[in-house]
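Taken from Swiss-Prot as is:
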| type | residues | note |
| --- | --- | --- |
| ACT_SITE | Glu385 | active site, proton donor |
| ACT_SITE | Glu497 | active site, nucleophile |
| BINDING | Asn106, Gln171, Gln217 | carbohydrate binding site |
| BINDING | Asn296, Ile297, Met298, Lys299, His332, Asn384, Trp552 | substrate binding site |
| COMPBIAS | 29-64 | compositional bias 'Low complexity' |
| DOMAIN | 91-242 | domain 'CBM15' |
| DOMAIN | 245-596 | domain 'GH10' |
| LIPID | Cys20 | N-palmitoyl cysteine |
| REGION | 23-64 | region 'Disordered' |
Amino acid sequence: MKKIQQLLMLSLISSTLIACGGGGGGGSTPTTSSSPQSSSPASTPSSASSSSIISSSSLSSSLSSSSLSSSSLSSSSASSVSSSSVAASEGNVVIEVDMANGWRGNASGSTSHSGITYSADGVTFAALGDGVGAVFDIARPTTLEDAVIAMVVNVSAEFKASEANLQIFAQLKEDWSKGEWDCLAASSELTADTDLTLTCTIDEDDDKFNQTARDVQVGIQAKGTPAGTITIKSVTITLAQEAYSANVDHLRDLAPSDFPIGVAVSNTDSATYNLLTNSREQAVVKKHFNHLTAGNIMKMSYMQPTEGNFNFTNADAFVDWATENNMTVHGHALVWHSDYQVPNFMKNWAGSAEDFLAALDTHITTIVDHYEAKGNLVSWDVVNEAIDDNSPANFRTTDSAFYVKSGNSSVYIERAFQTARAADPAVILYYNDYNIEQNNAKTTKMVDMVKDFQARSIPIDGVGFQMHVCMNYPSIANISAAMKKVVDLGLLVKITELDVAVNQPHCDAYPANKINPLTEAAQLAQKKRYCDVVKAYLDTVPVNQRGGISVWGTTDANTWLDGLYREQFEDEKISWPLLFDNNYNDKPALRGFADALIGTQCTNTH
């Protein structure tokens with residue numbers, strides 16, 4: 001039987017063990033979570049071997065981080081957990097788990113639990129019975145075989161008096177019989193009201209944790225007839241495997257002709273992945289990018305939720321952060337039809353079409369004026385996704401409040417561009433849309449719109465190709481041809497929202513060709529696809545017409561695609577479309593992007 005090693009903490013260990021800030025630091029108002037979660041009945045070893053003492057200096061040395069910082073491990077579900085820090089040490093990756101997000105109560109069999117409570121001290125649960133504890137998730141494709149879990153815990157005097165034991169465990173989610181149950185700390189090894197570090201090595205004979213298809217539930221539970229409470233002060237997980245490195249120092253520095261290499265980020269729209277508070281997000285953004293797009297907070301419903309009530313606080317903080325870190329900002333988006341992003345006062349407009357257009361003028365002028373004065377915002381998606389997906393394509397009609405309230409007319413599109421130009425003569429104005437890279441009827445409609453604008457002197461500087469593509473569709477030939485049509489119009493071409501979905505319900509013969517788990521072959525194919533797309537951009541768009549390339553997100557754990565296709569994916573998170581994995585580690589896709597920038601041949605090999 002494995003023994004759990006313990007450390008008597010002489011004092012509260014300093015921040016070398018737990019990074020400050022991130023996806024939820026100490027000092028917040030305590031909250032509770034009591035979501036039930038399935039669990040297999042954990043075995044109860046008859047005895048626990050005595051533990052050796054680890055010195056505080058050796059533990060601090062082995063777990064301290066010299067780089068990177070706080071953020072989240074997995075996606076936005078309540079059952080996912082944030083990671084405060086990840087650091088590489090002697091070939092291993094150390095995950096320091098967020099103690100203010102992502103935990104839940106857990107119980108075996110029919111035993112009930114009362115959830116968990118967050119506090120400045122950590123995560124606390126009441127030991128109501130055998131198998132009651134607290135758990136968090138480690139998201140796929142992280143593998144935990146041979147990983148070492150270290151938990152700093154503090155048991156109450158009542159728990160110590162109950163002579164109950166503590167057990168660290170790990171389970172494959174939705175396959176509850178597969179778990180690590182051999183780590184037990186006997187009551188004799190526990191001291192009341194004293195911080196103790198318990199460690200457990202996940203080491204199963206059948207390597208059941210050497211998998212990437214399932215999330216893993218990690219936790220600690222009381223065994224025996226417990227009473228009292230247990231507080232978990234901190235958790236670190238040291239992974240055995242060395243993280244993949246793309247050997248890219250700074251992606252932004254590889255771009256020819258100094259065009260921007262950008263990324264879309266979350267802000268106050270995502271507490272877990274907020275760039276302003278998540279230091280792991282900050283680390284990867286600072287390392288590789290020089291141009292930022294706010295995923296949501298500069299859209300209309302955030303900026304003017306009610307008529308005349310403009311809210312610049314969150315967007316200003318975002319722009320300020322970009323400025324402080326020498327990054328420019330692309331504004332997204334002044335006008336977008338999506339129902340949840342249109343303020344109710346516009347959706348319910350009862351006045352005339354001209355009054356509605358005047359209200360639109362007010363919104364655009366106020367926003368653009370504000371950021372012209374503030375500085376560092378260099379371009380806007382003026383109108384986003386105004387063309388439908390029909391063949392032949394046309395402007396959106398009944399599904400766009402802007403079309404309907406403008407008198408069942410697309411006049412709002414040109415009006416938006418005219419108003420934005422009047423507000424800021426220097427800012428770059430883009431029309432932005434998806435699927436126009438397919439060189440299809442939608443592309444044709446976009447080109448016709450631009451030609452009409454140019455003929456009538458409606459100001460437009462460029463076209464944003466969102467570029468949400470699959471592994472094989474659309475073809476590089478069609479992507480290049482679509483961009484060439486905009487080049488021939490003399491406009492800037494900007495890839496605004498690039499991602500490459502490993503799985504996508506509408507292409508690559510899904511679900512017949514569904515990929516799960518994420519294999520090395522799939523990652524290398526994605527590497528080549530990123531390279532091919534970026535190379536097509538460089539080959540097609542002249543230097544003076546390049547608006548730059550932005551990726552739509554940092555980590556696979558925070559991609560919009562898994563939410564969009566949740567039903568088709570049957571709640572699996574299997575799109576894996578970005579440059580960094582769930583733990584912010586490099587993926588081969590990053591290498592592929594870099595290869596294209598420096599002119600290296602695109603391959604599906606390392």
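The first residue you see is number 1, and the count goes up from there.
Just so it is clear, glycine is given a Cβ too, placed from its N, Cα and C backbone atoms.
Feature annotations (Swiss-Prot) mapped to structure.
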{"residue": "Asn296", "record": "substrate binding site", "Cβ contacts under 8 Å, 6 or more apart": "Ser266, Asn267, Asp269, Tyr302, Gln341"}
{"residue": "Ile297", "record": "substrate binding site", "Cβ contacts under 8 Å, 6 or more apart": "Asn267, Thr268, Asp269, Met303, Asn314, Ala315, Phe318"}
{"residue": "Met298", "record": "substrate binding site", "Cβ contacts under 8 Å, 6 or more apart": "Ala315, Phe318, Gly331, His332, Ala333, Ile367"}
{"residue": "Lys299", "record": "substrate binding site", "Cβ contacts under 8 Å, 6 or more apart": "His332, Ala333, Trp336, Gln341"}
{"residue": "Asn384", "record": "substrate binding site", "Cβ contacts under 8 Å, 6 or more apart": "His332, Ala333, Val335, Trp336, His337, Asn432, Asp433"}
{"residue": "Glu385", "record": "active site, proton donor", "Cβ contacts under 8 Å, 6 or more apart": "Trp336, His337, Ser338, Arg396, Asn432, Asp433, Tyr434"}
{"residue": "Glu497", "record": "active site, nucleophile", "Cβ contacts under 8 Å, 6 or more apart": "Ala264, Tyr434, Gly464, Gln466, Met467, His468, Ser550, Val551, Trp552"}
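The secondary structure of His332 (substrate binding site), as reduced to three states from DSSP, is extended strand. Counting every protein chain shown, the Cβ of Gln171 (carbohydrate binding site) has 27 other Cβ atoms within 10 Å. For the substrate site, whose annotated binding residues are Asn296, Ile297, Met298, Lys299, His332, Asn384, Trp552, the maximal Cα to Cα separation is 16 Å. All protein chains considered, the CB of Gln217 (carbohydrate binding site) has 25 other CB atoms within 10 Å. Predicted-model confidence for the domain 'CBM15' (91-242) is 89, expressed as mean pLDDT.
Pairwise Cα distances among Asn106, Gln171, Gln217, which the record gives as the binders of carbohydrate, peak at 12 Å.
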